[in-house]
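Report on the structure given below.
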Amino acid sequence: MFRSMSKLSVFIFNIFSVLSITHNKWQKTYSILLIMSCIYIFYATPQIVCILENDCNNTISSLIKGLFARVVAVTCMVSRCVIFLKGKTHLVKYKKNMDDFHTVTPMTSSETDNLKKMSFRVVLCCILLTVPVNVCRLWILYYVAKQTVPFVILVYLQNFSMYCIETHFTVLCYILYQKIIGINNDLMALKIDTIVRNKYPFISLTGEKYGKNDNTVEYNREVFQSLVAGYPMTDFLENLKAKHKFICLATKNLNNMFGIHLGLSLCSLCLYTLFDLYYHLQAIWKHSKYKILVYAWILQYFVRFLLITVLAHLTTKQVILKIYLSI
């Protein structure tokens, strides 16, 4: 069951990679088409609002109704341009740093399984929060204003593209989170070992004290193997230093690659929520079924906001803990 889910997650994640930042033969064509659609949406919005209102009075209310689509178009266009220009270089560097890290310390089976499960859940969450609600609204629009359906499809594709990049960031950030936790475990084991050996210098390398096992000391796997095999602690410290260097470089690559996009995403998600609440409270879109969809859209924005901020916060806390343990 899990193998089939993991294969499905890999297939879906490959599709998401095409829609996000992975550079391949389709990426350039997709980016150009997406930017062209953003320009079209920005200039065609007033005409679509006129069709939906059956009136072109150019009032403040009409301008507000078109702000949502224009904000989506502007943020998507700027984000796609930045990602397209900066993503290729920094993504290659990020992958190289992670490969170098894995040459020092390969991923364990538990880390690989956790990464697959997390990736599958994040991608599935993205699909469930966007596709059903957007299909429902398109179905409603088909009977209310059929000529606006292509326009709305483009807006949803732009918004979905932003969500795909956020999902890609979440997965890459989770990989960093796993590595930093591993480094913290190494530092903790090293610190405990140093404290114990300074206090009890008669403890042997295998953790035996006068023939009696000392189970109170929990060693990290690499520290324990280094001590038992009799390797110099300097070798372990050099590996730890190398892993720290690769993580710092990968973090820098991730920040340079996603910094502008995440700033735009967080600001736009707040604006989307305000727009939907305003449209809902002012009953701008008069169709009754729209009121149900508003809550689904707000839930989507809330989950996206949480995924970006909470995972970044947890990773930052692990970095702070690493600094504390290294003192």
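A Cβ is built for glycine as well, from the same backbone N, Cα and C atoms used for every other residue.
Feature list (source: TrEMBL):
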SIGNAL    1-20  signal peptide
TRANSMEM  30-52  transmembrane segment
TRANSMEM  122-145  transmembrane segment
TRANSMEM  151-177  transmembrane segment
TRANSMEM  258-280  transmembrane segment
TRANSMEM  292-314  transmembrane segment
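Same-chain neighbours of the transmembrane segment (30-52): 18-19, 58, 62, 65-66, 69-70, 72-74, 76-77, 80-81, 84, 145, 147-148, 151, 154-155, 157-158, 161, 285, counting only residues six or more beyond its ends whose CB sits under 8 Å from a CB of the stretch. Sequence-remote contacts of a segment are chain residues at least 6 beyond its ends whose Cβ falls under 8 Å from one of its Cβ atoms, and for the transmembrane segment (292-314) they are 122, 125, 129-130, 132-133, 136-137, 163, 166-167, 169-170, 173-174, 177, 262, 265-266, 269-270, 272-273, 276-277, 279-280. Residues 13, 16-17, 19-22, 34, 37-38, 40-41, 44, 48, 69, 72-73, 75-76, 79-80, 83, 94, 98, 115, 118-119, 122-123, 126, 130, 134, 137-138, 141, 247, 250-251, 254, 258, 261-262, 265, 268, 304, 307-308, 311-312, 314-315, 318 of the same chain, all 6+ positions outside the transmembrane segment (151-177), place their C-beta atoms under 8 angstroms from a C-beta of that stretch.
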